[in-house]
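Down below is the structure, laid out as structure tokens.
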Amino acid sequence: MSVVGIDLGFQSCYVAVARAGGIETIANEYSDRCTPACVSFGPKNRSVGAAAKSQVISNAKNTVQGFKRFHGRAFSDPFVEAEKSNLAYDIVQLPTGLTGIKVTYMEEERNFTTEQVTAMLLSKLKETAESVLKKPVVDCVVSVPSFYTDAERRSVMDATQIAGLNCLRLMNETTAVALAYGIYKQDLPALEEKPRNVVFVDMGHSAYQVSVCAFNRGKLKVLATAFDTTLGGRKFDEVLVNHFCEEFGKKYKLDIKSKVRALLRLSQECEKLKKLMSANASDLPLSIECFMNDIDVSGTMNRGKFLEMCDDLLARVEPPLRSILDQSKLKKEDIYAVEIVGGATRIPAVKEKISKFFGKELSTTLNADEAVTRGCALQCAILSPAFKVREFSITDVVPYPISLRWNSPAEEGSSDCEVFPKNHAAPFSKVLTFYRKEPFTLEAYYSSPQDLPYPDPAIAQFSVQKVTPQSDGSSSKVKVKVRVNVHGIFSVSSAALVEVHKSEESEEPMETDQNAKEEEKMQVDQEEPHTEEQQPQTPAENKAESEEMETSQAGSKDKKMDQPPQAKKAKVKTSTVDLPIESQLLWQLDREMLGLYTENEGKMIMQDKLEKERNDAKNAVEEYVYEMRDKLSGEYEKFVSEDDRNNFTLKLEDTENWLYEDGEDQPKQVYVDKLAELRTLGQPIKTRFQESEERPKLFEELGKQIQQYMKVISSFKNKEDQYEHLDAADMTKVEKSTNEAMEWMNSKLNLQNKQSLTADPVVKTKEIEAKIKELTNICSPIISKPKPKVEPPKEEPKHAEQNGPVDGQGDNPGTQAAEHGADTAVPSDGDKKLPEMDID
């Protein structure tokens, strides 16, 4: 079973796998561990990763990058509107209202969803992992920003499904970094001791995230998270791009922003310049040849000037740092270390700001680029039964408060309740109790829209179906389980109606109105921490809730506490009936569309595979043409007649011309046939060359064998001690075989020497190898027969007592046996104790 962690970044992606030796970040086909988050569409196939990155300028309109932030967002979303101006490709509104990506693929215009494009990237990363692991990859853990909302997380989950992956967990990027940091630490405080608080700062290409985590031995708990969703490396790039657009506009009279390709080239150069300035404080040049209208442009920039231009960006570094301390109620002195990851944290001014805020040196023990993917791979290993990993519990948080709203018959309007406050532990489940006579709907939403980097606070609507009143017409008790799962996605996971069965009829006063007023009842399911914080109810409500919960579990015993003492109570039994729930999720792909996209992805993968095979076949023909043309005038020259060489050279030239004309776009089989046709002419020449190279070596080996056996025959005839044990008949056989081999070799050598190099050889290397094997099989067993061993005469023992017991020792065997028994008894007891020691 494969264990894979995927860091799905805005600009680049990383894949890590768990192996017996630990976690390893794997390289792609370009021997690069970083795969660009880029997909390019062509007339025949798609290019993904590094191959697509190389087409950003040449195929700008059909090369998609920076699509990560379109997940779960409508076309009318303000963020999408703001991004339009930065994109070289077109985005469109899909029939569902979501953002689509418009490209030309297979010679026709196509609109792809963000999920589909992300699935293409995931398929590539999956293929990379499979090529390294040599087995199928299905289970994985994928990283997402900690600020992703429910809709965005569901969208990424759909993308993993389209790519044929089983995502075991969507892991927050800062939590993955914390796991990669903590799981290897041997000096963490014990569970009963004060935890070690560590801040993790991740500034990538598009966003800035901060979290503070508490570590104990074998335990990680996220205390708080904060973020700036638009502050990242690309913002610093934009500062440089805008500066040089203005400078070159004045200096060279160029309107750079009107030309997409020019702007993309400038963006690439500015990114390189930014990285150089991180290591260099001096003036650095920026030069681009034939930039626009065949004009070469150049400019300079230094770190000091760059930082002045970035003052407003650098001012945004501190607020999230201050926010996590406020949320977690920690002081700067309580922070043990500050770990930084992400490409943009390499900017000296960013590091300086963070270090100055906390008043301590920053820690860089983690790989800034690969920490997230390593954490994801570790999480996948923890979740996978195939790996035994040190126990390490991870408690994440809910980034935004989540509330439920429902229609309240008692209040003749709507009621709401905050189910999961901000920074509530996750994953987590709670049970709410409602009293209803008919189906009802729960509306989930984020209750703090001002903190939400998303325009719509709605999450979903959940309709609880088939709710019926009790047999006496009173409201039924409905228990609804709500959950934030391991992916950070909220759901109403189940609903159950509690049926009351009475053993005898009796009229009892029903407190319908009171029950209606106490519709919302909540209890924590399974997990104990945060119970008091997570139930903001009055003591009276808590008491009513506990009594009500006990009623559902203990039956009639507690019912007496709720009813007036004068009313005689019937014997009551309860049972639960699961209720169906209909979900209406915000911007969620329906199952039918998901199935269609999965099928389309499979077809596109097959098309890419066929196109690759076609190109490989074409390249094989071209490669063969160049190889043979060079060798015909080189090492193969002596092995082909002049006429044949001229004819073959002409054929090769015709094939080369055909490749660039009529043969430029042919089916795979045409190239296969063309290569076979060329090889019928070229292979005999190649064979003659190879035979000529190998034949002398094999004849030399055969000659050495013959010489060796002749030497043995001579020694045998001279009756040397080494061979006197050999049988004369056998040696005659050896002599005969050796003489025959010598005659065969001399005959073939003479014939071959008379043969022209341009003709096929008289004797082939396979025949010589067979003759060597034949001679060895006959002669070697005979001459290597060992001499018979001569055993020395046995000597009489001088002392009989050394060979056994003597007179008077008749009882010794018993004694020895007893001693032996005593000796063996001790290990026996030890053996019995061994398992206990192992268990301890």
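For all residues, glycine too, the Cβ spot is worked out from N, Cα and C.
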Among S47, S76, S363, residue that the record in Swiss-Prot marks as phosphoserine: S76
Integer Cα-Cα distance in angstrom, K773 (N6-methyllysine) to Y660 (phosphotyrosine): 50
Cα-Cα distance linking Y89 (phosphotyrosine) and S415 (phosphoserine), given in Å to the nearest integer: 46
All-chain count of other Cβ atoms within 10 Å of S393 (phosphoserine): 10
DSSP-derived class (H/G/I helix, E/B strand, else coil) of Y660 (phosphotyrosine): coil
Residue among modified residues K53, S76, Y89 with Cα closest to the Cα of S756 (phosphoserine): K53
DSSP-derived class (H/G/I helix, E/B strand, else coil) of Y89 (phosphotyrosine): coil
Residue among modified residues Y89, Y336, Y660 with least C-beta crowding, 10 angstrom cut-off: Y660
Spatial neighbour of Y89 (phosphotyrosine) that is closest, considering only the modified residues K53, S76, S393, Y660 and their CA atoms: K53
S76 (phosphoserine) - helix vs strand vs coil (DSSP): coil
